[in-house]
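Participant: Here's a structure for you.
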Amino acid sequence: MADKLTRVAIVNSDKCKPKKCRQECKKSCPVVRSGKLCIEVTPESRIAFISEQLCIGCGICPKRCPFGAITIINLPTNLESMITHRYAANSFKLHRLPMPRPGSVLGLVGTNGIGKSTALKILSGKLKPNLGRYDNPPDWEEVIKYFRGSELQNYFTKILEDDLRAVVKPQYVDQIPKAVRTPDKTVKFLIESRKSMDNLDEVLDTLELRHIYDRDVTHLSGGELQRFAIGTVCVQKADVYMFDEPSSYLDVKQRLAAARIIRSLLRPDDYVIVVEHDLSVLDYLSDYVCVLYGQPAVYGVVTLPHSVREGINIFLDGHIPTENLRFREESLTFRMVEGTEDFVAEKSRAFKYPAMEKTLGNFKLRVDAGSFSDSEIIVMMGENGTGKTTFCRLLAGVLKPDGTTRVPEMRISMKPQTITPKFEGTVRQLFFKKIKAAFLSPQFQTDVVKPLKLDDFIDQEVKNLSGGELQRVAIVLALGIPADIYVIDEPSAYLDSEQRIVASRVIKRFIMHAKKTAFIVEHDFIMATYLADRVIVFDGKPGIDAHANKPESLLTGCNTFLKNLDVTFRRDPTNFRPRINKLNSQLDQEQKLSGNYFFLEEGPDKEKERS
């Protein structure tokens, strides 16, 4: 009987439509044919119900379902006794829980839809874990008894006695203005009304909130809202601080400032938990890491805590040595050379753009003349408000430079920074309307559409898509339009760590095959260095006076950029991902003295010599 219980049957409530099909799942099920009620569904029922006890895991119904609504998975038997929470019959379930430790930062890493936000809800006391018994949930005594002997026992006892005050920074900061109900909506009022610690000045200075202090929340940009949300959490006195994706919308400098202010909250008796997809920031922030693996929207499993380096490497490698389990087919690495070996591109055509200036209100951007060739990706690095998007629009011809300077006309396809879905209809209809030729080409399907896994939601309404799904649709739309230059503004926003690496591979391969040029704005440093052939560094005063340098090689460009930020990076010897050095550590001081803020390639032997 034990192995029978290890099936997970998931019915997707958005896709399952019993009124529109002939109940193929029920008719094809061998258990139903033998007279047992394994699948129960009538045209009147809202969704099909599959009994996991009776299911034999034959895998026929997922193939027969015309809407692709059923997923059947066989789980390792030892997991069955560790269910922490399940929402309903045939729905997502979470196994185990991350274990927060007082006085240290716990990082959670895993793909979207694998239970990180569910784990945060449980740990913040908003959701009571039902241990998989969704029909008769256990009371708190049983829950605490279940977790006895682990660090979670004391934690839940405190939650039960109302001893734990948890503050959460939400994932979607763009929804904050709608949630503010007070008549006074200024940043000053909202922060000061919640203030219960005396670190207000430090928070305002580190997060650069002074110049927006008197502004209305409804007038803030994405990055300003993010810093406001982090600041609001940091001035409150609490026992548990939770940050759900604190780095989206922020540039590299602000990400590190946010990381420093989050680490400053640590006291011997409080807990800090962070969910983050930018792996270099997660690495810098956390003291230890829990990896979540499984299948998105089906089940999620939390691993035991690992050290930061080991945890992130396990996630990238796709293999957990302690459980001897592989949860992803291929491992993800960051060799700079791997991209260039596959594609030896003939750089036949060169484009030039002139030196130009552009004034927008009080903001002035000066651009040095530069040139670029086809099959090349140029990444723009700089703080928010230094004119990267303005430069994209100058290239695209949307804005005209000051004076008589003219940019040569080129066909340009652009993916904007913010995506607002206005299209009425499904994703497939949108593609057929905008990029029919590309969408029907087999090369485009294998290079772009398949790796980004658009088939999962291709027949859903565009308006109902999540942030990450919209982002992938926007990338496909931008690449599908025939053009000389592709301008992609922040392709990593809303994507999880795995999708970011896939997206950067897709963009890189597409640009090489199509022999075109791409200009990319990207703040995730790992993704930016993976993509870039050359770099344009933007410096100056954000929002006032900025300067775009001419395109430089990746090494010199990153060194210039990091020198402005006063940050150094080293490389991990196993998978070559860039890692931030702790401020004033020995490596940090050595690299600053020698002027090497960033390494292109560093073998394991060099790393050993150093250590």
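Heads up, the Cβ atoms here are built off N, Cα and C, so glycines get one too.
Keep in mind the model is a prediction, meaning the values are calculated, not measured.
According to Swiss-Prot, the protein carries these features:
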| type | residues | note |
| --- | --- | --- |
| DOMAIN | 7-31 | domain '4Fe-4S ferredoxin-type 1' |
| DOMAIN | 46-75 | domain '4Fe-4S ferredoxin-type 2' |
| DOMAIN | 77-318 | domain 'ABC transporter 1' |
| BINDING | 110-117, 382-389 | ATP binding site |
| DOMAIN | 345-565 | domain 'ABC transporter 2' |
Participant: Can you tell me the mean pLDDT for the domain 'ABC transporter 2' (345-565)?
Facilitator: 85
Participant: Using DSSP and collapsing to three states, where does Lys388 (ATP binding site) fall: helix, strand or coil?
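Facilitator: Its secondary structure by DSSP: helix.
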Participant: On the DSSP side of things, how many residues of the domain '4Fe-4S ferredoxin-type 2' (46-75) fall into helix, strand and coil, could you say?
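Facilitator: With helix first, then strand, then coil, the domain '4Fe-4S ferredoxin-type 2' (46-75) has 5 helix, 7 strand, 18 coil.
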Participant: Using a 10 angstroms cut-off on Cβ to Cβ distances, just flag whichever of Gly110, Asn112, Ile114, Lys116, Lys388 is the loneliest among these binding-site residues.
Facilitator: Asn112
Participant: Where's the emptiest Cβ shell within 10 Å among the binding-site residues Asn384, Thr386?
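Facilitator: Looking at the binding-site residues Asn384, Thr386, the Cβ with the fewest others within 10 Å is that of Asn384.
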Participant: I need to check the long-range neighbours of the domain '4Fe-4S ferredoxin-type 2' (46-75): which residues 6 or more away from its ends have a CB within less than 8 Å of a CB in the stretch?
Facilitator: 4-13, 15-18, 20-21, 23-31, 36-40, 89-90, 295, 298-299
